[in-house]
Amino acid sequence: DSRGPEEGLPTLTVTTILEDPYVMVRNAELEGYCIDLLKALAGMLHFSYRVKVVGDGQYGAVSASGNWTGMIGEILRKEADIAVAPLTVTSAREEVVSFTTPFLQTGIGILLRKDTVSQELSFFHFLAPFSKEIWTGLLFAYVLTCFCLFLVARLSPCEWNEPKNEENHFTFLNSLWFGAGALALQGVTPRPKALSVRVIAAIWWLFTIALLAAYIANFTALLSSGSEQLPIQTFEDLVKQRKMEFGTLEGSSTFYYFKNSKNPIHQMIYEYMDKRRDHVLVKTYQEAVQRVMESDYAFIGESISQDLAAARHCNLIRAPEVIGARGFGIAATQASPWTKQLSVAVLKLRESGDLDYLRNKWWESSCLHRSRDRWSPLQPQALGGLFLTLAIGLALGVIAAVVELSNKSRHAAGHAKKSCCSVFTEEMCTRLRIKENTRQSQETSGRANP
């Protein structure tokens, strides 16, 4: 593939590699993301080009003899002027060639087949919509609210006017039942009469309605999610499992990333791939995708290429974790005058939105139903305001009960000609110490012994 030389324009030899969607052969011509990018750069910088596919089909790594293979080797041997391909910028390559500003950002991800990672619903799957912190907070809020109902109902004279003669319906067990009924959106007795008790009941009802709405919405999203909670979410999950084999492209930057990493998990991945290199390492990206589709195999590679595979093959999915942020750049010799000009041109294409257009053009999904957003349980931050509102409502209810009891104590102190504080203290002690079962037992004994 070439752009015919024009009078006065320099002609560059461009090496590339066949990889969908960067460079593909269609009707005896080359097309793809990198070809479109090359055409745009040629138009901006006014040069002609001749594209050749790399001879050994490699990206570029140091061989056992110490020589560079692939596109990097062709540039060093002056067989090509630049390399326009999904070529990752690494420190080892930067030492021998010169890279432009990256035209695509990517990382290292895990490509899986959906049916190999699907899992059955757990017995307690109904707890999944909320995180453990939310469930713990809900239990604490329930017990605290019921205790406040019990306490305020005892303190409020509007709810329990004569502690020695009346029965308090808001015992602690009844308060627990009242709170549970609100959680189930069911009205239960006893019904509050005092303003203070009604404040706490109303704020608890508001809390439960909002909480149930969040639970139902998240549980519905969980059940309808196209991707269940994948057992393999991270690279650590990949190492721990024993069902699937995993590997990457032989001689790729991904392989050397794990080789040079000091992370223990990454070292375990490298040792696994190195010991089984003849069996788990693949030659081409197409071979990797085919192997993932046909066997229990997980492919570790460029996340952006895996996104394309998931868009083209609806039974594939990429795990959420992406590590090793990196970019694809155009390579040239270190003394090449084109490096800076190409970098500036790439930046201009990014600023004008042309790179985003090319990304959307060549990564368009062929699946009829696009995968839904991955589901995750609600975290405490999402419902923090709801719990704060409940706490404020409980505080207001307790304050209202104290005010009601203070008003009654003030009137009683005026009639009995006692200090308000002493009457208030007596009322408080009476309401907090009297138990209905004690009074009932005294009445029963009184009837039995006339």
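FYI, residue positions are counted from 1 along the chain as it appears here.
Glycine is treated like the rest: Cβ placed from N, Cα and C.
Feature list (source: TrEMBL):
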BINDING   P86, T88, R93, S253, T254, E302  L-glutamate binding site
DISULFID  C314-C367  disulfide bond
DOMAIN    11-365  domain 'Ionotropic glutamate receptor C-terminal'
DOMAIN    21-77  domain 'Ionotropic glutamate receptor L-glutamate and glycine-binding'
SITE      I232  site 'Crucial to convey clamshell closure to channel opening'
SITE      K259  site 'Interaction with the cone snail toxin Con-ikot-ikot'
SITE      K348  site 'Interaction with the cone snail toxin Con-ikot-ikot'
TRANSMEM  134-157  transmembrane segment
TRANSMEM  169-188  transmembrane segment
TRANSMEM  195-217  transmembrane segment
TRANSMEM  382-403  transmembrane segment
(request) Rank the recorded positions R93, K259, K348 by the number of other Cβ atoms within 10 Å of each Cβ and report the first-ranked residue. (result) R93
(message) Just to be sure I understand, if DSSP states are collapsed into helix, strand and coil, how many residues of the domain 'Ionotropic glutamate receptor L-glutamate and glycine-binding' (21-77) fall in each?
(response) 20 helix, 15 strand, 22 coil
(request) Taking only the Cα atoms, work out how far E302 (L-glutamate binding site) lies from K348 (site 'Interaction with the cone snail toxin Con-ikot-ikot'), in Å, as a whole number. (result) 25
(message) Can you tell me which of the recorded positions I232, K259, C314 is spatially closest to S253 (L-glutamate binding site)? Compare CA atoms only.
(response) K259
(message) Need one number for the L-glutamate-binding residues P86, T88, R93, S253, T254, E302: the maximum pairwise CA distance in Å, whole number please.
(response) 17
(request) List the Cα distance (Å, whole number) between T88 (L-glutamate binding site) and K259 (site 'Interaction with the cone snail toxin Con-ikot-ikot'). (result) 16
(message) Spatially, which candidate from the recorded positions P86, R93, C314, K348 is nearest to K259 (site 'Interaction with the cone snail toxin Con-ikot-ikot'), comparing Cα atoms?
(response) R93
(message) If you compare CA-to-CA distances from C314 (disulfide bond) to each of the recorded positions P86, R93, I232, T254, which comes out shortest?
(response) I232
(message) Take the mean position of the Cβ atoms of P86, T88, R93, S253, T254, E302, the recorded L-glutamate site. Which other residues of that chain put their Cβ within 8 Å of it?
(response) Y59, L87, V89, T90, T106, S252, R326, F328
(request) Measure from the CA atom of R93 (L-glutamate binding site) to the CA atom of I232 (site 'Crucial to convey clamshell closure to channel opening') and give the result in Å, rounded to a whole number. (result) 32
(request) For P86 (L-glutamate binding site), write down the residues of its own chain that are at least 6 apart in sequence and whose Cβ falls under 8 Å from its Cβ; none is a fine answer. (result) I17, E19, Y22, C34, L104, E302, S305, F328
(message) Among all protein chains shown, how many Cβ atoms are found within 10 Å of the Cβ of T254 (L-glutamate binding site), not counting that one?
(response) 22
